[in-house]
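Scroll down for the structure; my scribbles are underneath it.
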Amino acid sequence: MRCRLQTLLQRKFKISLLLLLLLALLMHLVMDFALPTAHRPCGCDMKASISGGVPSGSPMPAGLKKLSLRILQDFSGSNGSLEKSSQPQKVGLHSGAEEPGVQQQHEEGNAGWTKGSKLAALFEHPLYNIPVPEVTEKDKLFIINPMEKFSLHSRGSDEWVSSSKAETLLPTGKTAYDTYPTWLKFHIGINRYELYPRRDPLLPMLLQDLATQRIVSSVQKSGGTQLKLIMTFPNYGQALFKPMKQTRDQETPIDFFYFSDFERHNAEIAAFHLDRILDFRRIPPVSGRLVNITKEIRDITTDKKLAKTFFISPAGNVCFYGECSYYCSTEHALCGKPDQLEGSMAALLPDKTLAKRRSWRSPWRRSYHKSKKAEWELNPNYCSQVRETPPYDRGHRLLDLIDMTILDFLMGNMDRHHYETFEKFGNDTFLLHLDNGRGFGTHSRDEPSILAPLQQCCSIKKSTYLRLQLLATQPYRLSDVLREALAADPLAPVLAEPHLRALDRRLGKVLVAVGHCLARAARQEEVLVDDVGSWV
């Protein structure tokens with residue numbers, strides 16, 4: 001009797017539980033149908049907004065040079081290092097490159113800076129609003145084909161195709177240029193006077209692409225004394241990757257020669273931002289990035305020589321060393337933690353087959369010998385010889401080189417043996433400040449010999465001098481504005497504090513050097529070459 005009663009109670013309990021579950025399900029259904037359609041969550045809106053944030057532009061023709069030649073009706077030639085993609089992946093990346101020069105109409109490109117920042121105030125200053133000459137067709141590096149269009153290969157894809165392979169139409173009001181990836185817009189924007197504009201709305205997207213775009217290929221860059229990689233993105237944009245070789249607080253040993261020093265990834269990042277702050281804008285955009293050695297280099301490389309140099313260290317970290325003429329051996333291997341490695345990603349310039357560049361030996365090049373000295377180190381009147389030698393005997397080439405000298409002194413870079421210009425523009429154009437990895441190696445000592453061109457020639461652009469004076473004042477202190485700019489990089493902090501403080505000390509020494517020249521000159525105009533006119 002007791003067993004039957006127990007069985008009956010169990011059955012009733014199970015039936016009651018089942019009825020309760022059924023009732024809860026019915027209530028859910030009733031509430032769902034009763035809810036107004038407008039309030040129902042819909043994943044489609046989210047997907048649409050994500051895809052809508054991607055520019056409709058995209059390059060992906062069969063071959064890199066074939067693609068570029070079709071788009072760019074060129075007569076100069078440049079670097080087939082096709083650059084970055086324009087797909088802005090809004091990851092937790094600081095909008096580092098937002099150009100702080102920022103009236104209301106520019107705020108879209110400067111959203112990363114707060115209104116009270118020193119960096120924003122600096123770029124609003126009149127000295128950073130002096131106009132460049134009008135850019136004519138002949139002053140542009142490329143003439144574009146207005147008929148070529150690009151679009152994403154498919155929804156959710158990060159691969160881009162040219163209009164010849166795409167079936168999509170341009171959105172209303174869009175031009176073919178609007179569909180170009182960001183790296184291509186960057187190339188198209190290069191002109192005789194600047195590598196990129198002061199308030200370039202592309203800059204934040206360029207830096208973001210460098211830091212976040214998917215890497216589809218990694219190969220070693222040929223030549224050079226140290227390992228560098230060429231990274232390719234889905235839209236055929238490319239970047240130069242320099243891996244981390246030493247920590248931020250390490251100084252170059254005092255007994256090291258400048259030509260045997262490491263190239264530092266963080267120096268490349270800091271050099272780009274410093275170059276912008278000085279308003280030179282002659283270094284291609286650079287961003288920091290954390291790379292997975294296994295997935296983003298080893299597993300996808302087609303470089304057989306590079307592939308042979310990977311190994312697992314005794315600590316279980318993935319390492320590699322590549323092939324080069326100096327620091328490429330197991331003793332100088334680059335190792336991840338366990339496979340994560342910091343590095344700088346620099347936007348590549350147009351391929352030299354598309355925009356030829358000329359390499360110039362610096363008149364103040366060092367001897368690169370352990371005991372010999374260069375002529376400029378022995379002859380105090382060396383500058384008079386330089387002034388009589390083409391291309392320094394006319395135009396502003398010598399003044400541009402002195403600008404570069406000041407940049408190098410502030411960074412402590414002694415390794416400026418050559419510089420480049422775009423051949424199309426002849427002598428009347430800016431100098432490219434490339435390869436800055438040997439800067440920021442020391443903060444406890446300065447190298448006065450870097451300033452030899454300024455000290456021997458006693459000439460400087462008036463605009464450069466006025467900006468240096470401005471950066472020595474409290475509201476625009478150089479260390480403060482560079483610190484703020486670098487805080488936006490994914491690898492922040494990029495520089496150790498002693499390096500930032502050294503900038504202010506070195507800036508003071510540059511101003512003192514100019515002061516000595518002014519004291520000796522009969523007229524101020526002999527030292528300060530006016531390139532600003534009535535703008536200041």
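The backbone N, Cα and C atoms fix where each Cβ goes, and this holds for glycine too.
Lifted from TrEMBL, the feature list:
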REGION    78-110  region 'Disordered'
COMPBIAS  78-89  compositional bias 'Polar residues'
BINDING   Gln226, Lys242, Glu263, Ala346, Ala347, Leu348, Leu349, Glu420, Asp435  ATP binding site
BINDING   Glu263, Asp435  Mn(2+) binding site
ACT_SITE  Asp415  active site
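Between the CA atoms of Asp415 (active site) and Asp435 (ATP binding site) there is a gap of 9 Å, rounded to the nearest whole number. Neighbour count (other Cβ atoms within 10 Å of the Cβ, all protein chains): 25 for Glu263 (ATP binding site).
Annotation: Asp435 carries the greatest number of neighbouring Cβ atoms among the recorded positions Asp415, Asp435 [cut-off 10 Å, Cβ to Cβ].
Taking all protein chains in view, 19 other C-beta atoms sit within 10 angstroms of the C-beta of Gln226 (ATP binding site). Among the record's ATP binders, Gln226, Lys242, Glu263, Ala346, Ala347, Leu348, Leu349, Glu420, Asp435, no two C-alpha atoms are more than 20 Å apart, and one pair sits at exactly that spread.
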